[in-house]
Amino acid sequence: MNEERRQTIIAEIAYWRRNKLLPDQYCDFLLNLYRNQNQDEELPNRLSKVHIGKAAAAVQKATGKQWLLTIGIFTLISFVVLYFNAFPPALQIAVIVISAAALIGFGGRIRSRQEAVGLSMVGIAMLVLLGGGLYMLGTFGYDTWHNQLWLILGCACLWIVYGIAAKIPALHACGWIAAAFVYALILDRYASGSSWYEAQLYWLPVCCLFGWCSWFFHRYTKQVSAVLFVVCAGLWFMPEIYQMLFLKETAWLQLQLIGKIAAGGGLLFFLRKQWMVWVA
């Protein structure tokens, strides 16, 4: 086999591995077949040259319409960024929603080929909704405590629903974290001055609820069950986090954390045959 054909095959195998078209073990086996030890150090340089060559070829083959479309998109983005504050409120809302929808659509489309890029686009879209909403509330004088709370809660619900629908566990978990933050703000507003044992009573029932939900959903979807179990584990320590951030009571915090770690570790050990089935 001549050298040019060998390099082409190696580049294709690397493409399969990078885009998860074949398991890594198969790709390693194929690479070992088509290259020798002297080629190992040269492979990254060859692959980068191949990618640069493909990019240059794509630029050279681009039509006039494609160039005009690219320039038009960059011009539109620049115009929106520069004159965003001059837009009326309805147009600003439309720009934020359309931008987020476009990022979500683009991320969902390329996620099958490039997982990291797709997830990054979805994450940016969710942050655009949250950040844009908070910015608009502040700009137009609606940044009251209740409005901000409803906005964060709405974004949390969107993250949970989309994370489950699109099978993105990190986004699903972030939605529950945001919801827990909203719950903490409500407690700080209407139950300020609580003692340490009241903080335990506020959070531990919620922790038990998520543990039960993890058990309930494991028969339907292990991914959702695993996320709920992780959230349950985080909520186990939320009374101490709440005391530290909101109540400013740190006198017995170390002892509480040590007791919680010991109790939580014991529960995980004695119930390992049950909860491992939920998340495995």
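Using the three backbone atoms N, Cα and C, a Cβ is placed for every residue, glycine included.
Note that TrEMBL annotation is computational and uncurated.
Since the structure is predicted, the reported quantities are computational estimates derived from the model, not experimental observations.
Copied over from TrEMBL, here are the features:
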TRANSMEM  67-84  transmembrane segment
TRANSMEM  90-110  transmembrane segment
TRANSMEM  117-137  transmembrane segment
TRANSMEM  149-165  transmembrane segment
TRANSMEM  170-187  transmembrane segment
TRANSMEM  199-217  transmembrane segment
TRANSMEM  224-245  transmembrane segment
TRANSMEM  251-271  transmembrane segment
Same-chain residues at least 6 beyond the ends of the transmembrane segment (199-217) whose Cβ lies under 8 Å from its Cβ atoms: 176, 180, 183, 187, 191, 224-226, 228-229, 231-232, 235-236, 238-239, 242-243, 247, 274-275, 278-279
Winner by Cβ pairs under 8 Å against the transmembrane segment (224-245), considering only 67-84, 90-110, 149-165, 251-271: 251-271
Non-local residues, at least 6 beyond the ends, that sit with Cβ under 8 Å of the transmembrane segment (149-165): 104, 122, 126, 129-130, 133-134, 137, 171-176, 178-179, 181-182, 185-186, 224, 227
